[in-house]
Amino acid sequence: MSEIKDVIVQGLWKNNSALVQLLGMCPLLAVTSTATNALGLGLATTLVLTLTNLTISALRRWTPAEIRIPIYVMIIASVVSAVQMLINAYAFGLYQSLGIFIPLIVTNCIVVGRAEAFAAKKGPALSALDGFSIGMGATGAMFVLGSMREIIGNGTLFDGADGLLGDWAKVLRVEIFHTDSPFLLAMLPPGAFIGLGLMLAVKYLIDEKMKKRRAEAVAAELPSGETGNV
């Protein structure tokens, strides 16, 4: 149980692929102009990570070490192709919006990295959980960044959600404030870099605060004569 909890915490926070490892920067910065686009690509990446980790882990005993990377890439490409066709069939608006960034999931360092670092060494169930956790961690970061940029740039939230979730999702669109022209700095790549930098700073502050609280808790449990050694 502790190993399962550790996998989840690592994927969502401690080893977050977007905020700690800083992997997948190209789609993170390019696609997160709206919350809907960010959520769509994040969920697609999560599905790819989960399925590829599961498949690679299940086949790890029969995968020759010398050619494992080409095999991993072939498996990842197959899963990405299937996910791309699913998005094309059921969320065509999102498919058009994301464009080339869906097939580019094949080259995403997050996917190949988890296959090599985790799925090739652990069982299928734990590997699938790792892929899901890493994917949801990246999705969360992309969604927060996309929401920030959409609100500041357009004054809306969940604009175009019907392209991802269907016609019913039109009710999710919220106009926070009206603007006749978008704030381009937030919508263009420089705004993505600024937003990501702010998110990294906030995560650092939270981590430092949590670390300080843990140190204070340990110091409180020790005898008074030993606190100076903590």
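The backbone N, Cα and C atoms fix where each Cβ goes, and this holds for glycine too.
Copied over from Swiss-Prot:
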- 18-38: transmembrane segment (TRANSMEM)
- 39-59: transmembrane segment (TRANSMEM)
- 63-83: transmembrane segment (TRANSMEM)
- 86-106: transmembrane segment (TRANSMEM)
- 125-145: transmembrane segment (TRANSMEM)
- 182-202: transmembrane segment (TRANSMEM)
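The transmembrane segment (182-202) shares more Cβ pairs under 8 Å with 18-38 than with any other stretch in the list 18-38, 39-59, 63-83, 86-106, 125-145. Beyond its flanks by at least six residues, the transmembrane segment (18-38) meets 45, 94, 97-98, 101, 104-105, 108-110, 113, 137-139, 141-143, 145-147, 149-150, 153-154, 157-161, 163-164, 187, 189, 192-193, 195-196, 199-200, 203 of its own chain at Cβ-Cβ distances under 8 Å. Note on the transmembrane segment (39-59): residues 24, 27, 31, 71-72, 75-76, 79-80, 83, 87, 91, 94, 97-98, 101-102, 105, 108, 110-111, 114-115, 118-120, 122-124, 126-128, 130-132, 134-136, 138-140, 142-143, 146, 164 of its chain, located 6 or more positions outside it, place their CB under 8 angstroms from a CB of the stretch.
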